[in-house]
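Working notes for the structure below.
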Ligand code: SF4
Ligand code: SF4
């Protein structure tokens, strides 16, 4: 009998506490602003410097570029930009080295799919992934706006 009363006591105490669980996915998760989520890519900003490819620890970025079509302009334009999310570890290094913020982190994290091929995201997909972009992408390591 004492055990039952003790048990009920624990239940009543827990019922009045604030809930720590959520009804995900019905209730979407709000991630903190510093969260490292699936990248957004802006082809207009990319200067094809290859720094993101070189720094990536898992070699999951592949890109191709070509000379700027306008003879009056220097530099290159991007042709293809792909990230393989089978092996991307969302470490943030690609966005940290990008000098133009062509590749930036978002707060999206849902990558569950039925086939591995679907984890290979191309430039069009990464460009359309343009919501919930992390605002601190515009801030350097000392917290100063670039
Ligand atoms: S987040 Fe890390 S692993 Fe993923 S593409 Fe960028 S550098 Fe590579
Ligand atoms: S580091 Fe930025 S600008 Fe350079 S190739 Fe990568 S995405 Fe483009």
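Cβ from N, Cα, C; glycine included.
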Given TrEMBL lists 88, 91, 94 for [4Fe-4S] cluster 2, the same-site residue among 49, 56: 56
Candidate nearest residue 46 ([4Fe-4S] cluster 1 binding site) in space, where candidates are the binding-site residues 56, 88, 91, 94 and distance is Cα-Cα: 94
Overall pLDDT for the domain '4Fe-4S ferredoxin-type' (37-66), taken as the rounded mean: 97
Most crowded position, judged by CB atoms within 10 A, among 88, 91 as binding-site residues: 88
When distances run from the Cα of residue 98 ([4Fe-4S] cluster 1 binding site) to each of the binding-site residues 56, 88, 91, the nearest one: 56
Number of Cβ atoms other than its own within 10 Å, given for residue 98 ([4Fe-4S] cluster 1 binding site): 21
